[in-house]
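Peer 1: Sharing the feature lines straight out of Swiss-Prot:
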| type | residues | note |
| --- | --- | --- |
| TOPO_DOM | 1-42 | topological domain 'Lumenal' |
| COMPBIAS | 1-17 | compositional bias 'Low complexity' |
| REGION | 1-24 | region 'Disordered' |
| TRANSMEM | 43-63 | transmembrane segment |
| TOPO_DOM | 64-77 | topological domain 'Cytoplasmic' |
| TRANSMEM | 78-98 | transmembrane segment |
| TOPO_DOM | 99-114 | topological domain 'Lumenal' |
| TRANSMEM | 115-135 | transmembrane segment |
| TOPO_DOM | 136-161 | topological domain 'Cytoplasmic' |
| TRANSMEM | 162-182 | transmembrane segment |
| TOPO_DOM | 183-193 | topological domain 'Lumenal' |
| TRANSMEM | 194-214 | transmembrane segment |
| TOPO_DOM | 215-241 | topological domain 'Cytoplasmic' |
| TRANSMEM | 242-262 | transmembrane segment |
| TOPO_DOM | 263-294 | topological domain 'Lumenal' |
| TRANSMEM | 295-315 | transmembrane segment |
| TOPO_DOM | 316-423 | topological domain 'Cytoplasmic' |
Amino acid sequence: MRVSVSGPAAAAVPTAGREPSTSGGGAVAASGAAVPGSVQLALSVLHALLYAALFAFAYLQLWRLLLYRERRLSYQSLCLFLCLAWAALRTTLFSAAFSLSGSLPLLRPPSRLHFFPHWLLYCFPSCLQFSTLCLLNLYLAEVICKVRCATELDKHKILLHLGFILASLLFLAVNLTCAMLVHGDVPENQLKWTVFIRALINDSLFILCAISLVSYICKITKMSSANVYLESKGMSLCQTVIVGSVVILLYSSRACYNLVVITISQDTLESPFNYGWDNLSDKAQGEDGNGGDYIVFGMVLFLWEHVPAWSVVLFFRAQRLNQNLAPAGMISSHSYSSRAFFFDNPRRYDSDDDLPRLGNSREGSLSNSQTLGWYGTMTGCGGGTYTVTPPLNGPVTDTAPLLFTCSNLDIRNHHSLYVTPQN
């Protein structure tokens, strides 16, 4: 979570018996004192349950992907796995926060916490969020390439993948380097510039990825066949636009807000609303935020973390795809139909690998009806019925459509024509 809120909150040095400093004067302090600790504990339990529910839902979707025999390595599975790891870290943080007699020691990083668990619980989830945003960009770019079927787009796909991979690695490197500097013995003036550079680079990357996501969504909305492709994947154009808009709005607004706040308040290290999650400072962790600050922190946490994460998981949820794409304007190349096709045979583009499978599937019908692919004669019988008698030793040929219906035949005549297969 990377949230900053402006205010004259000063960085306090841990001192025994010192009252916690708050921002906004006595009004905020009075509102914070009016909130009992049970309310803070209830909010912590609520957030922990929401994160645990997201973890369970993402875990279920990954199992459903295996059950439906989908590709194990895809944009869908990677996004679900990243959301699963992010929810697991957040659930661990909040579970430890309300487990110690109702106190909230881990929502504000303790000064004695080792570097790696400190970075893993408070810093690494933002890296997972950025990687999820990059994967969403790559997925929409893949949709555009599939719909346009352009070879020049396939050439740029490698560069696009490399670009987003390098952006994710840069985000991770900056986050990790700044966390190491802050965790060490760094002077306070250098600490401020370290936090500022980290926020400038990371939030700028968030904004750039949001802009690229906007461009991809605009291109997809202009393609008439994009909805058909998305429906074949169990999605729709409307869902794509809604989820993309929510992610763009929330992530870009958070990044812009962090940049503005950290620019106008460089003289302070900590805001009462971020609980040390933004600046990674362990030099001012002796104070405890008041109840009012924690309530606002919980509201911001729900808006900027829960909503985009749930949107992405619901968008990439596992679905049993409908193989009948005729209502969407597509016909599966492996669909079977009993009627004869003259110009629109759906199997006319089948590859050679499909021929043995198709031949095996038709052996049963050949045993029941010997008229498949044979020249035969149709003779009139009484009652307006016809009997087809194939030659016993006739050659097997390709099937041909029946060009005439029974209404065009005279019952007294004897015709020799092709017979269509009847499955």
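Each residue, glycine too, has its Cβ placed from N, Cα and C.
Looking at the shown structure, what environment does each listed feature sit in?
Peer 2: For the transmembrane segment (43-63), the list of distant contacts is 77, 80-81, 83-84, 87-88, 90-91, 94-95, 97-98, 104, 107, 294-295, 298, 301-302, 306, 309-310, 313, 316-318: same-chain residues at least six beyond its ends, Cβ to Cβ under 8 Å.
Taking DSSP states H, G and I as helix and E and B as strand, the topological domain 'Cytoplasmic' (64-77) has 7 helix, 0 strand, 7 coil.
With a threshold of 8 Å between CB atoms, the same-chain residues lying at least 6 positions outside the transmembrane segment (78-98) that come near it are 41, 44-45, 47-48, 51-52, 54-55, 58-59, 61-62, 65, 104-107, 120-122, 124-125, 128-129, 131-132, 135-136, 139, 305, 309, 312-313, 316.
Nonlocal intrachain contacts for the transmembrane segment (115-135), taken as residues 6+ away from its ends with a CB within less than 8 angstroms of a stretch CB, comprise 1-2, 75, 78-79, 82-83, 85-86, 89-90, 92-93, 106, 109, 164-165, 167-168, 171-172, 175-176, 179-180, 183, 202, 205-206, 209-210, 213, 247, 251, 276-277, 280, 282, 305, 308-309, 312.
Residues 115, 118-119, 123-124, 126-127, 130-131, 134-135, 137-138, 190-191, 194-195, 197-198, 201-202, 205, 208-209, 279-282 of the same chain lie 6+ residues outside the transmembrane segment (162-182) yet bring a C-beta within less than 8 angstroms of a C-beta in it.
Confidence in the topological domain 'Lumenal' (183-193), given as mean pLDDT, stands at 74.
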Peer 1: Looking only at the topological domain 'Cytoplasmic' (215-241), how are its residues distributed among DSSP helix, strand and coil?
Peer 2: 19 helix, 0 strand, 8 coil
Peer 1: How does the topological domain 'Lumenal' (183-193) divide up by DSSP, counting helix, then strand, then coil residues?
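Peer 2: Tallying H, G and I as helix, E and B as strand, the rest coil: 7 helix, 0 strand, 4 coil.
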